[in-house]
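Remarks on the structure that follows.
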Amino acid sequence: MAKFIFVTGGVTSSLGKGIIAASLAKLLQARGLRVTIQKFDPYINVDPGTLNPYEHGECFVTEDGAETDLDLGHYERFLSIYTSQANNVTTGRIYQTVINKERAGDFLGKTVQVVPHITDEIKRRMLLLGDDNKYDVILTEIGGTVGDIESLPFIEAVRQLQWELPEEDVMVVHLTLIPYLKAAKELKTKPTQHSVKMLSETGVHPDIIVCRTEEPLNNDIKRKIALFCNVKPEAVIEAMDASTIYEVPLLMLREKLDLICLKKLNLSGYGEPQLDKWIGFLDKLKYPRSKVTIGLIGKYIELQDAYKSILESFVHAGAINEVKVQVVNVHSEFITQENVAEKLDGLDGLLVAPGFGHRGIEGKIVAVQYAREKGLPFFGICLGMQMAVIEFARNILGLKDAHSTEMDTSTSHAVINMMEEQKKIRLMGGTMRLGAYPCEIKENSLAHRIYNSTNISERHRHRYEFNNDYMEQFESNGMVMSGKNPESGLVEIIEIPSHPFFIGVQYHPELKSTVERPAPLFVSFIDAAKKYNEKRSSFKTSSLQDALI
Ligand code: GLN
């Protein structure tokens with residue numbers, strides 16, 4: 001029987017419940033337990049797939065093609081495990097299931113109500129991953145903040161499970177904020193007391209209180225929180241702001257968060273956590289030898305969460321290359337032929353980001369052209385790859401109005417076209433080409449060297465593809481289609497062998513990058529940027545010397 005840890009949040013949103021949950025899970029995993037994490041989100045969308053990134057940040061796609069919350073990305077990056085559709089449940093999905101059952105007549109004439117029907121469905125899904133004895137511990141992060149109307153049924157389900165399951169099989173970790181009032185030079189516990197009170201009023205009592213704080217909590221404060229919130233003083237955990245999210249597991253280890261959980265869950269016989277790899281990564285991350293600057297060209301750059309997995313992949317790839325990756329956001333809407341050299345000045349590599357719709361497209365194409373012509377390392381992901389294809393078609397093949405039919409349905413050269421199976425689809429939610437698909441790589445290509453394999457599998461999220469009618473024309477002019485789906489022939493990777501590093505992929509390699517398994521494409525891209533930077537610096541020094549002579 002699996003054990004269940006629920007993580008709730010109080011006082012305010014954005015306290016980093018996902019990171020605390022992932023850090024605790026990491027420590028338990030490092031002690032040898034089989035763990036997974038799931039997230040229950042209170043909103044009514046069936047999944048975040050149709051949400052604008054401005055609303056909800058990046059949409060994280062799992063192996064099985066679920067469009068999920070970006071916290072699942074953190075879970076995978078910390079734990080190096082795959083999550084699935086079952087790991088992210090929304091209120092919308094719960095209601096959809098219950099209403100479908102009602103339509104099928106499954107409730108036999110009964111009135112369908114929040115309690116018990118909605119809460120029963122929530123509980124069923126909360127326990128689901130425990131079914132086939134794959135995990136020792138299942139962590140469940142409850143989205144939202146305690147006190148929100150929307151999350152009440154989830155909290156009620158947790159209350160019922162706390163009551164139904166054996167005491168040593170379930171526990172609740174509550175994450176709150178201890179604000180520091182600068183004027184009074186004091187940490188304040190009142191908001192935490194109120195949020196725990198509110199949680200208790202719903203019948204859920206936390207076993208552990210994790211306190212986000214800018215200042216260390218002394219013993220007096222810990223005792224005060226413990227006393228008023230009715231937990232043991234050792235169950236009040238300090239979670240200081242960290243310089244990187246990857247440090248949080250070590251901070252939680254120091255606070256013995258995992259040990260308190262093991263004790264409460266009556267789990268014994270697990271040794272010290274094996275974190276050598278993690279600590280090695282952290283050392284490299286904190287003490288880089290040099291720096292590279294990467295331009296991230298996108299249209300949602302004001303919102304860091306929109307490109308979460310890409311930014312984290314750079315962190316992983318930077319650490320392994322022992323460089324600090326400084327990412328410079330460049331808004332594609334404002335790039336023109338006239339200002340491109342100035343906008344991209346000082347970069348060691350260019351990443352053109354995924355995206356949808358026509359806003360900022362021409363700027364992306366101009367940026368790709370600059371990278372191709374100047375020998376600047378280029379990496380295009382999904383829409384970024386499609387832009388590289390369009391740029392090549394226009395400027396090398398001379399097909400002046402070449403475009404993607406996503407942006408221009410009347411183009412005479414649709415080098416990027418809607419996939420055949422997508423043409424019949426009318427519904428928006430969950431209907432793209434989603435999840436993991438295999439890709440066959442051409443021998444001796446750049447992609448082959450990067451992956452060191454000819455058969456890979458990566459995750460997707462798109463409706464458009466390279467138009468294979470143009471394959472011959474592209475290949476005879478210097479762009480190689482080096483990766484294809486073995487069944488459909490759909491182009492997955494493009495590259496330009498005469499360029500130092502120019503590669504575009506239809507899939508999303510950022511979705512599989514983890515601390516312990518950085519994505520090969522990011523690692524090689526950063527390596528190419530490092531070389532470019534060294535060349536740039538030596539060129540600068542020698543021209544300076546020339547000038548001095
Ligand atoms: N909009 C493009 C498509 O649907 C690219 C999608 C993406 O970048 N994820 O094919």
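The count begins at 1 with the first shown residue.
Placed from the backbone N, Cα and C atoms, the Cβ positions cover glycine too.
TrEMBL annotations: computationally assigned, not manually curated.
Annotated features in TrEMBL:
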type	residues	note
ACT_SITE	C382	active site, nucleophile
ACT_SITE	H508	active site
ACT_SITE	E510	active site
BINDING	S13, D148, I149, E150, K188, T189, K190, P191, T192, Q193, K224	CTP binding site
DOMAIN	303-527	domain 'Glutamine amidotransferase'
REGION	1-267	region 'Amidoligase domain'
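Around the Cβ of T192 (CTP binding site), 26 further Cβ atoms fall within 10 Å across all displayed protein chains. Here the CA atom of K188 (CTP binding site) lies 44 Å from the CA atom of H508 (active site). Cβ neighbour count for C382 (active site, nucleophile): 23 (other Cβ atoms within 10 Å of its Cβ, all protein chains included). In this structure, C382 are the recorded positions from K190, T192, K224, C382, H508, E510 whose C-beta falls under 6 Å of some atom of ligand 1. K224 (CTP binding site) sits 44 Å from E510 (active site), taking the CA atoms of both as reference points. Sequence-distant neighbours of E510 (active site): residues of the same chain at least 6 apart with a C-beta under 8 Å from its C-beta are S309, I310, E312, S313, I381, A519, F522. The two recorded residues, K188 (CTP binding site) and the residue listed as 'active site, nucleophile', show a Cα separation of 47 Å. Counted over every protein chain shown, other Cβ atoms within 10 Å are most numerous around K188 among the binding-site residues K188, K190. Geometry remark: C382 (active site, nucleophile) versus S13 (CTP binding site), CA distance 31 Å.
Cβ contacts within 10 Å of K224 (CTP binding site), excluding its own Cβ and spanning all protein chains shown: 18. Residue density at H508 (active site): 23 other Cβ atoms are found within 10 A of its Cβ, drawing on all protein chains shown. Same-chain residues at least 6 positions away in sequence with a Cβ under 8 Å from that of S13 (CTP binding site) are, in sequence order, G144, T145.
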